[in-house]
Amino acid sequence: MNAHEVNFDGLVGPTHNYGGLSYGNVASQSNSQALSNPKEAAKQGLAKMKALMELGFKQGVLAPQARPDTAALRSLGFSGSDEEVIRRAAKEAMPLLAACSSASSMWTANAATVSPSADTADGRVHFTAANLNCKFHRSIEHPTTSRVLAAMFNDERHFAHHAALPAVSQFGDEGAANHTRFCKDYGDAGVEFFVFGRSAFDSRFPAPQRYPARQTLEACQAVARLHGLSEAGVVYAQQNPAVIDQGVFHNDVISVGNGEVLFHHEDAFLDTEKVLAELHDKLGRRGGRFRAICVPREQVAVEDAVKSYLFNSQLLSKADGSMLLVVPEECRNNPRVWNYLERLTGDDGPIREVKVFDLKQSMQNGGGPACLRLRVALKEQELAAVNPGVIMTAGLYDTLVAWVDRHYRDRLGEADLADPQLLQECRTALDELTQILKLGSVYSFQLD
């Protein structure tokens, strides 16, 4: 049966700013307090969506969160009208206002973990919103994420939605940024690959010393159970703690997989040979031929991988059977990385083409092409059941660019977050967006 991988990219929200909120994310920390350009950021993301759509890939849109989140601020003791809440927070606790104004939901690889129907016990596509409990500014996302996903995938015959895991450190879950899937064809049963940074309950697993490991083994196992995955179709691997301490805060900063191919750095995992052997064996039993492309540290150091976001790329299957690697401009600007990519595409391997995108606004906050998208493999009848308002078309692209032009600012600094007018601008924009994308009422300000 025909099936497609659809990339649902996060639409950058109107409060996109450089708050430096993500400890362990080198780019986020190093660009803290710089002036951002929300309008440019949103258009850069939309340009990538349009370009991939025009290349023949299925492309969708995931709406941003409503920010500033005044409900979160109220839960922290700020009272009065929404405007007074913002004013008080700006005066008394600016870091909290910055956190509650973050546009980090643009990185939809962290929105949820998705298992296609070919892998699940009940034959439906399963979604579990990520609790993102390692960072306060992201931990407040999942209630809205769940409502948005339910509005996009709203046919219970085809789609099952699970609430986020318990919001405690033992079940820290960062979603699809630590998950990929291997398969012969998108509609076939595949092998789901869960990567964790530490175990909450088993001290035999090592842990990083400098930066936190955001994903636990126990969270991965819980999601696999919720989705009804069989043991024959799951592989768990531990990310190398040493690379977490070098700024690899999610596995999609050090590896990317698609189809039968895993593109990874030599230092990405612990027990690499054992992990690759299990993937090879389990995918082979499901009719596939697993292939790993290992990037040696002598050719690309971990530091270069983090700076360029070589692995935070999209690996896409083309109609001719070859693969396209979508990378940020920073890869072309790094001589060692670019030399490697030129050699890679010159080999007789599956990755034959590299396409470069300017995503500087997102990159400066620590998110590349892979961060910006949530992959959902859908059979034809499942794709037909998706809310059509969120599927990218030439017309929707034009509508969204015009919407951005009407509502977004072209510069935003920390002081601007204290402007109560920003809240009204954002709510007006998002109220209109839910009509454009045919989502109904998904934001708290629409439900109150």
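Note that Cβ sites are derived from N, Cα and C of the backbone, with glycine treated the same way.
Copied from Swiss-Prot, the annotated features are:
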- 19-28, ASN110, 137-138, ARG214, ASP252, ASN365: substrate binding site (BINDING)
- GLU174: active site (ACT_SITE)
- HIS250: active site (ACT_SITE)
- CYS371: active site, nucleophile (ACT_SITE)
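The Cβ of ASN110 (substrate binding site) lies under 8 Å from the Cβ of SER104, ALA130, LEU132, ARG138, GLU174, GLY175, ALA176, ALA177, HIS250, CYS371, each of which sits 6+ residues away along the same chain.
In the three-state DSSP reading, GLY19 (substrate binding site) counts as coil. The candidate set comprises the recorded positions ARG138, HIS250. Of these, HIS250 has the most other Cβ atoms within 10 Å. Cβ neighbours of ASP252 (substrate binding site) (same chain, under 8 Å, six or more residues apart in sequence): ALA109, ALA176, ALA177, ASN178, PHE311, ASN312, ALA370, CYS371. Annotation: GLU174 carries the greatest number of neighbouring Cβ atoms among the recorded positions GLY19, GLU174, CYS371 [cut-off 10 Å, Cβ to Cβ]. Taken residue by residue with DSSP, ARG138 (substrate binding site) is part of a helix. DSSP assigns ASN110 (substrate binding site) to a helix.
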